[in-house]
Structure formats: structure tokens, C-alpha cells
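Taken from Swiss-Prot, the feature active site applies to Lys260, Arg334. The annotation Mn(2+) 2 binding site is assigned in Swiss-Prot to Lys248, Asp253, Asp271, Glu332 on the grounds of similarity to another entry. Residues or ranges marked as Mn(2+) 1 binding site in Swiss-Prot (evidence: similarity to another entry): Asp253, Asp330, Glu332.
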Amino acid sequence: MVLYTRPPRLSVSRETFFGRQTPVVIPVFKEGDSIKLPEGLPQDLESLLKESYNSKAVSPEPGSVAKLPYRGGLVVTAGCGAPGDLEGVRRGFAAASRQVVDSFEEAQLYLVGLDTVSSTEAVIGALLGAYRLEEFKNTRKRKLQQLWVYGGEPRLDYAQAVAEGVYLARDIANAPPHRLPPAKLAAAVEDLFSKFDNVDVEVFSYDRLLEEGFGGIVSVGMGSEEKPRLIIIKYRGGAGEPIALVGKAVVFDSGGINLKPSQGMTLMRADKAGGAAVVGAMWTAARLGIKASIIGLIPAVINVPSGSSYLPSDVIRMWDGTMVEITNTDAEGRLILADAISYAAKQLGAKTVIDLATLTGAIVVALGPLIAGLFTRSDGLARAFEEASRTTGEKIWRMPMEDEYAKSLTQPAQAGEIVNAAQRYGGAIFGALFLERFVHGKEFAHLDIAGPGIAFEAGSLAPPYWPEKGMAPGYGVRLLIEVLSRMARGGG
């Protein structure tokens, strides 16, 4: 079972817990030169909070927290910025959750006066802030198991399902490679979705991949004794042509024969973050019953050097027949994605193909550790992602699909039709243009999540609802769910 870490349970409470041993989290908002507090607080507590603000012990800045003794219990303030600032609310409640996760088994969220959207994001922030991956530790610190919600109008089922999907993606992305090689990942996904009557999981074995000509997936995985798999999750939530989500799952990426430098190589356990996000999004879509037909494809491989590894100058026949000349074995993600993308477009009849991949270091150089690069020629799809980004706080930036650059995929090829790695500059664009060749005219979006997917050196820039210590944050699950929901409603 992959879902090692479960979010705290959510329940509605009909009364406040002031004066009990259970801490109460209270949002604090900016209002001019003062603060705005939620309605219905006891007068003495309101006075305490205002006095604490005047003494600078309490701040409304997003993500700031303070712990105040009150009536023998504990109040935790959550700085949320201006009223209506969804990111501020997420940060505030996530930071507050971090303050109690290791000390209390339960906490109460005071959401009086918050609308449905804000109160839902507050709950999501608190759930995500409580994440701890402790499966591989002998001593576990997390105590928090229950969140009580008082007031507001949060969509608790939605918040719980989203948090489960993000936790699942985090667990997969951060799992040590020996614990989740391709075959075990495939088996875990089969087990995970077996509880749904409207979800089918099909796993292509190495022999089947070889027999059916998935040259990209097979070649990248040849160097490892743990052979590759293609995991296909089919969710029957609605009629019509399916939407395909394709996620890169390189369980560990050493670079292959073009070996990476040792510095930072341990982060390459998270080179499966795109595939992890697709698994998490498929889980959440099924839990929520999104009214759409959705297919998740996760090509899973290990890219390591050995006597049987694929080599620079090899020419690979891809599933759709394209002949690709290998110029860099560390540009492996696009090879496994291309096979899955073309299969989704041509064999599975997808109307739209969306892929997520920790694809290039170039996108991290361009956009830093918090922002994913969005590549699409569809203005409608771009709008859906941009609106979803504003709602979820998962940052994106639309990047160009420059046709002139596409020449660099073909001109250097000596034996093949195209190369897998073109010139040095504009690497993120070349990666997107390479993948676009395999969608066969279908609507397409490529998300290069190398920055936020792995959280490269995010440090103090990371929001408090990301895991601590630079772990992969499960980026993309919330973004995908919002986009899929909009598409199901006809808004994407």
C-alpha cells in the first residue's frame, strides 16, 4: 500500500473548545493599520488578541503564528493577510497546524465568518501543514489525528479528498527508490484503486512493452534489473472522449551513461513526482466523483548505467514509429513520456493530453523552485490552468512554443529522425516541442514541474503547506483537480 501517511480526520463541532486542552486555531486578518478578528469570539479573548497585536506578539502577516495561553487552554493565531486572500489563509492555517501537529492529538479550526472558498482552503492548508512522512523512521513525532471544524461553510469531503491525493503524491515522490521500484509501484497502484467500482488499472509488463514496441520506455529502463512498467488507470466518471493525464515516474534517475554529478543526486528519488501527481489526482477525482472520463498513464522506470544501458548514439524506435537518436541518456523523461502520450492519443482516443514531468533543469533556472512552466498552444487550456493556479496557489507561468526552435530537433540528427536532446539553451522549450510531436494533433499541455515538483533548494521560499526539509510537496494534484473540475463543468 502506497498511502502510508493519512491526513487528520475532519469533523464538524457544534461548540467551541476554548478552555479545553484542545488548541483552537483562530485566523487573524489585516485591516488597515489594525487587525480583523472573526465574529463571535469571547470578549476577553478578543481583548487578549488585540493587546497581543499591539505588543507585536500577534501578526496578521500570512504564515505568521502565535501561541497564547487562554483559560487554561491554548489559542494559536494564524496570520492570513487581507480578507479574501486564499493563499494567505492556506499559509496561515498550515503554519498553525505545524505548531500543534507533534504535540496534540486533535485541534479545532475556528472558521466563523469565512465563506465556502476561504474556509475550504483554510481546512486544506491545515491538513497539508500536518504532513509528516514517518514510514521509514523508528520514532514517529506526529500526534495530530483529528481536526474539528467550527463555523464557516467548508466543503469537508472535498478538502479531505484533496489532502489524501496530495499526501499520496508526497508519499510516492519521496519514497526511497528501493521501496517503490516500477513493479512494486504498479502493484501498489492496483491495490489502491481496487476499492473503486468505476476505476480499472492495467499494468503493462516489461515483456508486453517490448512486444508492443514501447521503445522509449524499454530503452530507458534497460540498465536496471528492476524492469519498467506502464501503469494505466481508467476512471469512468462520465461519457465522451477521455482526458489523459501522463506523469513521468523515473523512480530514480542517475542520468544513465551520461551520469549526473553526485551533488544533489539524492533528490532524484523525486524524479517520479509527475507520476506521483497523476496517481494522486486520479485518486482524488475518483473520491470526488468528477463527471468526466479520465485516464492516467504512468510510465515507471529506473535510469542507471550498466552493461545493458541504452547509449548515446543509439537510435530508438518509439511506439508510434518515430526514430529518435539518443544524444543524452539524461534526457530520458521525454522518451518514456512520448511513448505514453502517443499511446493515449492514438490508442486510447484521448481528446486532451496533459503531462506533468520533472523534465528539465532549464525550467528551474528560468522560473525558480516555486513555479512550473506551462507549455500549450491552446488558449482555452491555458486559461483553465491559470484560473486553477489562482485558486490553488500552485504557481505556473505560460512559456512559448517557438516553432523556429523545433528545427534543432531534426537538424543535428545523423541516423535518426529527431534527437532527444537539442542545443543547450532553451532546454525547457525543446523538451516541450519534443513531446508535442507525439500528441498527433490532440489538444496538449505540458507542465514542466522540475522546480516545485522536487522543491529544488526552495528553502525559506517554500510555503508552510509544503513539507519541511525540502521534501517533494505533491505539486500538481490540486492544480489538476481544479482543471479537471472546470473541464467537467464545461469551463475548460
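The backbone N, Cα and C atoms fix where each Cβ goes, glycine too.
Feature annotations (Swiss-Prot) mapped to structure.
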| residue | record | DSSP (3 states) |
| --- | --- | --- |
| Lys248 | Mn(2+) 2 binding site | coil |
| Asp253 | Mn(2+) 2 binding site | strand |
| Lys260 | active site | coil |
| Asp271 | Mn(2+) 2 binding site | helix |
| Asp330 | Mn(2+) 1 binding site | coil |
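Of the listed recorded positions, namely Lys248, Lys260, Arg334, the sparsest Cβ surroundings within 10 Å are found at Lys260. Taking the centre of the Cβ atoms of Lys248, Asp253, Asp271, Glu332 as the Mn(2+) 2 site, the nearby residues of that chain (Cβ within 8 Å, site residues left out) are Val220, Ala249, Val250, Met268, Lys272, Val301, Asn303, Gly333, Ile336, Ala357, Thr358. The record gives Asp253, Asp330, Glu332 for Mn(2+) 1. Within 8 Å of the mean position of their Cβ atoms, the other Cβ atoms in that chain belong to Val220, Val250, Ser254, Gly255, Gly256, Asn258, Lys260, Asp271, Asn303, Thr329, Ala331, Gly333. In this structure, the binding-site residues Asp253, Asp271, Asp330, Glu332 were compared by how many other Cβ atoms lie within 10 Å of their Cβ, and the smallest count belongs to Asp330.
When the Cα of Lys248 (Mn(2+) 2 binding site) is compared against those of the recorded positions Lys260, Asp330, Arg334, the shortest separation belongs to Arg334.
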